[in-house]
Amino acid sequence: MIQQIRENRRLQGLLLILPAMFVMVTLLVIPLTLTVITSFGQRDADGNVIYTFTLENYWRLLGFTEQGWDDLYLRILLRSLWLAVQTTVIVILMAYPLAYFIARSPEKRRNFLLFLVLVPLWTNFVIRIYAWVMILRSQGVLNSTLGAIAGLLNVPFQPLDLYPSQTAVLIGMVYEFLPFMILPIYTSLEKIEPSLYEAAADLYANAFRTFWRVTVPLSMPGIVAGTILTFIPVIGTFVVSDILGGRQVILVGNLVQRQFLDARNPPFGAAASIILLVMTLVMTLYYTRRFGLREEIAAG
Amino acid sequence: MAEYAVELRNVWKRFPGPGGEVVTAVKNVSLQIYDGEFFALLGPSGCGKTTSLRMIAGFELPSEGEIFIHGRPMGKTPPYQRPVNTVFQSYALFPHMTIGENVAFGLQMKGVDKKEIERRVAEALAMVRLSGYEKRKPKQLSGGQQQRVALARALVNRPEVLLLDEPLGALDLKLRKEMQLELKRLQREVGITFIFVTHDQEEALTMSDRIAVMEGGVALQVGTANEIYEHPNCRFVADFIGETNFLDGKVAEIDTDKARIDLPGGISLWAHTPQRVSVGQAVTVTVRPEKMHIRPNATDVNQVTGYVTDIVYIGTDTHYGVVLNGGQTIRVREQNYSAESRLLAREGEEVCVRFSIEAARVLTE
């Protein structure tokens, strides 16, 4: 037996992927297959799933209901997409300068700065999002601080009505995913050979042009990786929107959660999650193709 | 006015060291490099040669002194406004761009017209014999090819001066020899001043019109390969360029540009004195091994005796190690004119080593 393993490289490979394979099959492939099957089903009056084949759930999500056109779910899908795009763009704009700053710091200081970026992750994510409730609500830290400043300057102050709102959800998302953008961008910036900056300067490029022609293209793998790490979780989130949106901001994640738990309509929830999955896959594939993730990573 | 392509006038460079102390990388260096010259900055690592080059390129600014390019003081001019281009030791080709894009980069930044860029890129790649490689990425090229792309990328801009920072350091020996000749050919073809940094004395001797030997941030001697080899002005230069013998002794007698030097063990010899010396002064005499002879030669004035300690036969030459009566060791290199030449002496045999007055030079520092 052991002799066989020693001689057979194929067998070795199979054995090595076996544990991961087991986890993937039991925790991903099987549940996903069940979800797909369920999404084509119906529910009876008690909320039990009837396994048939109907596209009704999908039609309903896309706006074609028995009562005529209703874009309620389509709007939820688009809202999730829009929020994910907004979050990703803002996170890139905020993470890039910081990652750049860390990458250009003296080597000894870099680890300390990266450590600071990671410190917030030591606290549970739900607790951190609740902290934002304390900051953003009408008598929260933000409004009382602004009010105190306005009082000192003797100007009228109208408390900001940030919580609960879609803006609050956006702020929470940006806060949550900033480290996941900083780290990959930092990694790709740090790998850029300093002599390349000098070469660009030597070839008549000023700092601005060096940035756009050398720094940005070479840090693209980091931006792409960070975008995937941000976009995919954000588009499916339900916790942040629940807490900071105060049940007013309904995203696909909330829709799926409620169909399974409150509305007791698993087939409809399953269809919504499949649509979310397909949407994410299509966007990720398009994005990585467009910006050539594979090639850039291979080129190192 | 602008008879020099590059001039360094009393240039100093100080860096903050790792422990907060000040490290002086370049100490009061003054150099004049002529237009169209192939000039080498030669020295061991840490001698300040690369720092000097980087100051000409503008990557570092001098702490004191001034750098002129064709008579114009550079002051704090940033690299992208200087009329020079650099070939980096690591080539520093942009990995995300094709070879064509790499070579075109400088011209694009200068705002040269598109048609003109295309023409000049093709011309530059032809010059380094890489036509047809425009669409490839740097990673797909060998080290030697990348090196040539780096050259093309710099030369395409027609700089007033081309700076080369150990450009052949990463190549294997055979390729390095080829590239040495290739560089020399290119330099003649384009007629641009080349300033070349190297720690390889043979490379410097092969390629350069003139060489500056640097040590400890100081330019010790500047001259042609011949001047530096035949007339070194200090012990470091004599030792760094080629192989040599040093004999320590005291000045016993002076006769215009010659002096008699007494060595320990009752040996005395006559040597050429380029610098002023005084009787009783402790000095070093340098004699190149190939200028010493075991074979009898009537014209050689100096004769010292010793015992052969070892013999190394390397085909073209035979090297003899000889320990003199005073205990100092010398190496003698005899050329093998005929098959029997290596039988000039045997190990342990007493020999008389001869050399001319001109072959022996007194060094005071």
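Every residue gets a Cβ built from N, Cα and C, even glycine.
According to TrEMBL, the transmembrane segment annotation covers A:12-34 (among others). Residues 5 of the same chain sit 6 or more residues outside the transmembrane segment (A:12-34) yet have a Cβ under 8 Å from a Cβ within it.
According to TrEMBL, the domain 'ABC transmembrane type-1' annotation covers A:77-287.
Taken from TrEMBL, the feature transmembrane segment covers A:81-103 (among others). For the transmembrane segment (A:81-103), same-chain residues at least 6 beyond its ends with a Cβ under 8 Å from one of its own Cβ atoms are 110, 113-114, 117, 166, 169-170, 173-174, 177-178, 181-183, 185-186, 189-190, 192, 215, 219, 222-223, 226-227, 230-231, 234-235, 251, 279.
Per TrEMBL, the feature transmembrane segment maps to A:112-135 (among others).
The transmembrane segment annotation in TrEMBL covers A:167-186 (among others).
According to TrEMBL, the transmembrane segment annotation covers A:218-240 (among others). Remote same-chain partners of the transmembrane segment (A:218-240), defined as residues 6 or more beyond its termini with a Cβ less than 8 Å from a stretch Cβ, comprise 80-81, 83-85, 87-88, 91-92, 95-96, 99, 125-126, 129, 169, 172-173, 176-177, 180-189, 191-192, 196, 251-254, 256-257, 276, 279-280, 283-284, 287-288, 291-293, 296-297.
For the transmembrane segment (A:268-287), the list of distant contacts is 35-36, 38-41, 43, 57-58, 60-61, 73, 77, 80-81, 224, 227-228, 231-232, 235-236, 252-253, 255-260: same-chain residues at least six beyond its ends, Cβ to Cβ under 8 Å. Feature annotation from TrEMBL assigns transmembrane segment to A:268-287 (among others).
Distant neighbours of the transmembrane segment (A:112-135): 98, 101-102, 105, 141-142, 163, 168, 171-172, 175-176, 178-179, 182-183, 186, 239-240, 243-244; these residues of the same chain sit at least 6 beyond its ends, with a Cβ under 8 Å from one of its Cβ atoms.
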